[in-house]
Each structure stands twice: as structure tokens, then as C-alpha cells.
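Features as listed in TrEMBL:
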TRANSMEM  96-119  transmembrane segment
TRANSMEM  125-146  transmembrane segment
TRANSMEM  158-180  transmembrane segment
TRANSMEM  186-204  transmembrane segment
TRANSMEM  227-248  transmembrane segment
TRANSMEM  268-287  transmembrane segment
TRANSMEM  307-324  transmembrane segment
TRANSMEM  344-365  transmembrane segment
TRANSMEM  372-392  transmembrane segment
TRANSMEM  404-423  transmembrane segment
Amino acid sequence: MISIKKILHSNELLKVFSFTGLSTLIKLLTSYITVKVVASIVGPSGIAIIGQLQNFVSIITTLGAGGINNGVVKYVSEYKDDTSFIKKIIGNGFRITVLFSSVVGGLVLFMSFFLSKWILLDSELYYVFMFLGLSLILMSINNFFISILNGYKEFKKYVIVNIITSIVGLFFTLILVYFLNLPGALIANVTYQSVILFVTIYFVKKSIWFNKIYLWNKFDRNIVKKFLSYSLMALVTAATAPVSQLVIRGYLIKNYSITDAGYWEAMNRISGLYLLFVTTSLGVYYLPKLSEIKSEKLLKEEVLKTYKLVLPIVLLSLIIMYFLKDFVITILFTKEFYPVKNLFSWQFLGDFFKIASWILAFIMVAKSKTKAFIITEIVFSISIILLSYFFINFNGVVGATQAYFVNYFLYFIIMLIYFRKLLLKTS
């Protein structure tokens, strides 16, 4: 009989699952406590408003990073043994991060009143965006450093930083929500990650790349051009996925109620939690691995190996979650959120096809297939909005999850067609 130890050593992705397991488990626990406490205090309507802010923060943090973090992971992973090239990558990446985060942070400060009215439906919460504008540069530099750790496959440091991030986020949120209610939850969402920069610096300060020679390496136009394709992909993602969620949530609020929008946001939170192990491991292991692979034969093998491991885990997870949905809602939220049970079936079908399609879509990022990535991101972000309008008009908030399923099913089919030559390759 093959021992568990031998299985772990034979499958690097499985090792990453187990290695990041503690970090992910702690993130699950802290997210559970955060969601439970916040939901109990602010209710479905408050959850909807927090969801609006989180989508906007996702857009702003991508813009603030110049959209280069996936590029940093790829190039550091691919060229980690080429010291001269790595210096150029890290130095120019750091310059781009500082420049973009300063400019975007300044714009957020300047537009704080407008953004508060547009995103949070209340101009009196403008100070939330002032906190965001001021903390953006710290958040962006932190994410840049974490991308370097990921590229170098320094999983131990990566995991420790993520564990501390989860714990700090929990305490930030609990303290601010306790004293300030909903505004406290909003402030916590836009500030806690900036504090983590100092934790990250503590863990990377002895790394060979953490010095002036690397971080302030001279400007190189060719390196900036290399980052450009990743910037375009990331910025398109920032302008599509979170924006489509903002639009759909806004449509629910306008045509139904902010409570219905809160139910939909709660369903999204549940999906995010139970898929956390998979999405974390794909981000930590899969993207750097795809970036390293030069042969199409090895690329196909890696994709198929990932499918064989990941999809059964996703399928088993969603089946368990579906049959325990009443228990899950009670544990995560409150009785106010009981109508969320009606959203599980279509959401989980959509989750399955989302992960199935992402495993292929990651190849576009790893191999800089910029044009294909941008086209599919734009097309399917528009389609989920249009599908949501259609299904919501017939079935209310359930229609949003039906649209989600149809959209990711179609996305998966397109990914299979686009990568058919790779998947059918015999030699």
C-alpha cells in the first residue's frame, strides 16, 4: 500500500494543499468569526453595503499595484536564478507600485465624497475613502512583497504572513464594529492590510532581494513593457469582475431591496469560504508552476493532474455544503439570512464550473495570452450582467445565481474550445 507520505512527495500540488492548510484553516476561522459578528450586528442590508465596498477596494488595490502582481510572480518564478534580471524585475516593479498607488490613492482622497455617495449610498461616510486613499500605498507595497515571496516559492514566510493577516484583520474588524457598528466594519476593510506591511517587512528583511540595489534598481523600459501585458490583464479584471458585481448588487437594491442584495452577498461569502482551500492553493502553487513550464506536453500533464486533484475536492465540498445548508446559514449568519438557502443549488453549480474554467484560464495569465484573456474577461463580465438582468426579472434574487451558473458554464465551454489543441495533444 502506498503511504500517505509517498503520495505527498509525489504530488507537489497536494503538498501545497497540506502546507497552506494551516493558513487557510485560520483564515476560514477568522472569516467565520468576522462574518458571524458583523452579520449579527449589521444584518443583511449592512452585509450588502460591505460587499459594495469590498468590490470597490478590489478594483482600487489592483489599480494601485499597477496590475503587475501576477507578472511579478511569473517573472520571479521563471528567472529566479538570473540575479541580474531579477534585480530589474523587482526594481521596476517596485517603482511602478509606488507610482500607481500614490496617484490612485490621491484620486480616491480627492473623490471621497462622490465615492461615498456612489458606492455606499451615503455621502457622510466619505472618511472611509479618505482612510483608503491614505493606506493604499502601504497595502500595494505589501502585496508586491507577498508576490515576490510567492514567486520565490518561499511558502513558509508566505503562510506565516497570511496567518498574521487573518488574525490582525479579525481583531481590527471586531474592535471597530463593536465601537462603531457598520462604519467600523467599513473602516476595518480599508485599513487593516496596510498594517500588515510592517509584519511582512519583518519576515523579508533578511531576504537577498530586500535592499536598495534590488528595490531601486534603475529604470528599464523593456522590463516595464514586459509588465504591461500583465497590467492590461489585471486592470481589465479590475474593471470587469468587481464592477459586474457592483452593477448586479445595485440592480437588486434598486429593483428589489437592499435585504435581497444582502442575501446574494451572503451566498457569495459562503462560496468564498468553502472554496478557500482550492483558490489559495491554485494561487500559491499553480500560477508559478505554469509559468515555469516550457513544454506543451508538461503543461498538459500539469493541467490534467490539477483537474484530477481539484475537481473531486470541489465536488465533494459543494455536496456536503448543500446538504448542510441550513446548518451553514445558522452557523455563519443569523435567522435573518435563512432565505439564502434558496440560492445554494444554482450557486454551487456555478462554483464547480468556475473552478473548472479557472484551471484553464490560469494558462492565459501564466503564458501572457493577453488578447485572449482581455476578450474573455470583458465578454463574460458583460454577459453575467445581461444574464442577471434577465433571470432576476423572472426569479428575483435566485435569478442572480442562475445567471452565475449559466455564465460560468459557457465560460468553461469556451476555455475547452480555446485550449482544445493543448488538451488533445498526444505527444
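Including glycine, each Cβ sits where the backbone N, Cα and C put it.
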Other than its close neighbours in sequence, what residues sit by the transmembrane segment (268-287), given a CB gap under 8 Å and a spacing of at least six beyond its ends?
12-13, 16-17, 20-21, 23-24, 27-28, 31-32, 35, 47, 51, 70, 73-74, 150, 155, 158, 245, 306, 310, 313-314, 317-318, 321, 328, 332, 340, 347-348, 351, 355, 358-359, 362, 365-366
When you check the transmembrane segment (125-146) against the transmembrane segment (186-204), do you get at least 3 Cβ pairs under 8 Å, counting only pairs 6 or more apart in sequence?
yes
Take the transmembrane segment (158-180) and find every residue of the same chain, 6 or more past its ends, with a Cβ under 8 Å from one of its Cβ atoms.
19-20, 22-23, 26-27, 30-31, 33-34, 37-38, 41-42, 146, 149-150, 187-189, 191-193, 195-196, 199-200, 203, 284
What residues elsewhere in the chain lie close to the transmembrane segment (96-119), defined as a C-beta under 8 angstroms and at least 6 residues from its ends?
52-53, 56, 60, 63-66, 68, 125-130, 132-137, 139-141, 144, 224, 227, 231, 246
